[in-house]
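K.L.:
Before anything else, here's the structure in question.
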Amino acid sequence: MAASIRRSIPHVVMLAYVVVILVPFLFVLLSSFKENNTEIALHPFGLPKSWEFGNYKEAWIKAKINVYFFNSLYLALTSAVAGVLLSAMTAYALTRMRFNRASSWIYQFVLIGMLIPGNVLFIAQYLLVQKLGILDTHWSLFLPYTAGALPFSVLLICAFMRAIPFELEEAAVVDGMGVFRMFFRIILPLTVPALVTVFIVNFLGNWNEYLLSFFFISKDALRTLPSGMVQFRDAFQLNYALVCTGIVFSVLPVLVMYAFLQRKIIEGLTAGSIKG
Amino acid sequence: MRSTLKNPYVYMLFVLPTIVLYFLFFIYPMLTSVFYGFTNWNGLDTKDFIGFDNFVAAFKDADFRNSILNNLYILLFSCCIQVPLIIVFSLLISSVKRFQGFYKTTVFMPSILSTSVIGILWGYIYDSDVGLLNNILKIFGIDPIYWLADTKWALFSILVTNAWQWMGFYIVLILAAILAIPKDIDEAAMIDGATGVQRAWYLTVPLIKPIINVVIMLSIAGALRVVDIVLVMTGGGPAGATDVMASYMVNKAIKYGDYGYGTALSIIIFIFALILTALYQILIVRRQERVEY
């Protein structure tokens with residue numbers, strides 16, 4: 001008896017923790033279906049009286065969540081793909097091609113980037129995109145997002161590519177294969193696990209990024225979800241039901257992704273922090 | 001054989017785009033930061049070199065000193081309260097077999113979400129009229145608290161939100177280290193009659209010290225990086241009660257166009273980060289022997 005109580009203590013504590021994590025989401029989800037603040041204030045914990053699916057339509061179109069959503073989606077996708085491709089190419093050249101001296105210099109040089117905390121460069125990057133004349137365009141996010149991912153991505157893909165046996169390429173060279181085909185046909189397919197990890201980490205980072213997207217973009221039509229949501233909250237401060245729908249829209253895609261790829265996501269994000 | 005993998009043009013083609021982008025968005029901003037930090041540039045007039053004036057001004061600036069203090073609170077909160085809790089939770093998760101995966105995925109979940117959206121979400125929970133927290137307090141007959149508008153509570157509220165978002169991340173880091181410890185050590189102690197708590201405290205914790213150090217280092221770095229959540233939830237207010245160095249810097253530069261002063265502040269943040277992590281390395285990490293199983 002005493003033993004079984006003792007064995008259940010960890011579960012009780014952890015379940016309490018899980019409740020603390022999940023209750024805010026549940027509260028937001030329920031609120032998003034409620035009619036207005038009065039109903040939320042009167043029945044904060046209850047189910048909505050009538051399920052207001054109209055909130056979702058209203059937030060999606062009238063509050064322009066759809067615009068933010070697609071901006072986020074395509075920026076996060078394109079810069080993650082660009083980051084993966086660039087760092088794979090670089091990692092290939094650094095680890096597989098025979099320029100050892102140059103490669104080790106370039107590798108060290110790129111790794112310095114991991115020492116610099118992101119927001120330290122914020123003002124200088126702001127002035128840079130201003131100077132480049134791309135402030136208030138999507139380039140001002142695409143370029144820093146892609147560049148920001150490079151150090152970690154190069155590091156991770158390099159580590160992976162070093163483990164591929166050289167005999168593979170020697171055989172390919174004997175068969176008369178060129179560098180490009182070797183890269184695309186042999187090395188890239190073998191590196192897919194690392195590429196997927198890097199892609200996920202970059203995608204999530206870009207999807208969630210707030211600071212640059214809020215200050216580099218001022219046109220409403222170009223905003224991404226994190227910064228658009230803040231704008232949206234400030235505009236609809238009094239209508240929490242609608243704000244909650246916005247939260248659901250921006251959180252749901254990530255959670256769906258997490259449901260399918262949790263192991264990969266956890267592995268990628270933790271690897272990024274320890275090596276960084 | 002040699003020539004295919006020794007073609008300098010191909011090499012350049014593969015490496016150059018990365019180097020250009022990296023230089024443009026990392027190295028160049030770093031160099032210009034150092035330059036701007038010593039000027040009084042406000043975006044309009046000429047840039048005059050003013051030596052260390054910005055740095056002197058920063059430490060005389062009461063608002064900035066206040067924000068350093070807030071960063072310090074965050075740092076102390078995460079190192080002295082969060083880290084012990086994180087260790088306890090990871091020990092608890094590692095001690096169970098059933099639901100282990102479920103606990104791990106659930107506690108990790110908030111750390112993959114956008115900090116700005118979490119700021120909005122918690123801003124709603126903290127809302128004085130309709131928020132979840134005051135509704136719970138109402139059940140116990142406690143008057144509503146203005147969590148984010150009261151100087152007494154604002155920083156604490158943000159700290160709780162920050163902990164809510166990031167603790168799971170560190171728990172998973174430590175959990176992985178605990179699960180990597182060979183089982184036979186624990187079994188040997190169990191046969192010798194050590195209780196669960198004894199095994200956790202005298203065996204597991206000493207064995208995971210290296211990863212605990214990593215977590216503390218990450219917490220220090222994280223405490224200095226806090227900015228999104230402050231900007232989203234309070235914007236630094238009320239009356240600077242939640243202003244941190246980074247949020248103060250962003251506001252100075254973007255709102256007031258004080259680029260020279262702002263970049264000086266960012267250099268100060270960078271130096272703080274360097275000093276604190278170096279100090280921790282020298283004082284704590286170096287003194288410990290390496291763990292070998």
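Quick reminder: no glycine exception, Cβ is built from N, Cα and C everywhere.
Keep in mind that TrEMBL annotations are predicted by a computer and have not been checked by a curator.
Straight from TrEMBL, here's the annotation block:
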DOMAIN    A:69-261  domain 'ABC transmembrane type-1'
TRANSMEM  A:12-33  transmembrane segment
TRANSMEM  A:73-94  transmembrane segment
TRANSMEM  A:106-129  transmembrane segment
TRANSMEM  A:141-161  transmembrane segment
TRANSMEM  A:182-204  transmembrane segment
TRANSMEM  A:238-261  transmembrane segment
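Let's see these features in context: how buried, what's close, how far.
P.N.:
With a threshold of 8 Å between CB atoms, the same-chain residues lying at least 6 positions outside the transmembrane segment (A:12-33) that come near it are 40, 44-48, 51-53, 55-56, 240-241, 244-245, 247-248, 251.
Residues of the same chain lying 6 or more positions beyond the ends of the transmembrane segment (A:106-129) and with a Cβ under 8 Å from any Cβ of it are 90, 94, 135, 139-140, 143-144, 148, 150-152, 154-155, 158, 211-212, 215-216, 275-276.
Long-range Cβ contacts of the transmembrane segment (A:182-204) within its own chain (Cβ-Cβ under 8 Å, at least 6 residues beyond either end) map to 76-77, 79-81, 83-84, 87-89, 92, 96, 145, 149, 152-153, 156-157, 159-161, 164, 168-169, 172-173, 254, 257, 261, 264-265, 267-269, 271-272.
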K.L.:
How about long-range neighbours of the transmembrane segment (A:141-161): same chain, 6 or more residues beyond its ends, C-beta under 8 Å?
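P.N.:
Tertiary neighbours of the transmembrane segment (A:141-161) are 75-76, 78-80, 82-84, 86-88, 90-92, 94-96, 107, 110-114, 118, 125, 129, 134, 187, 191, 193-195, 197-198, 201-202, 205-206, 209, 212-213, 216-217, 224, 271-272, 275-276.
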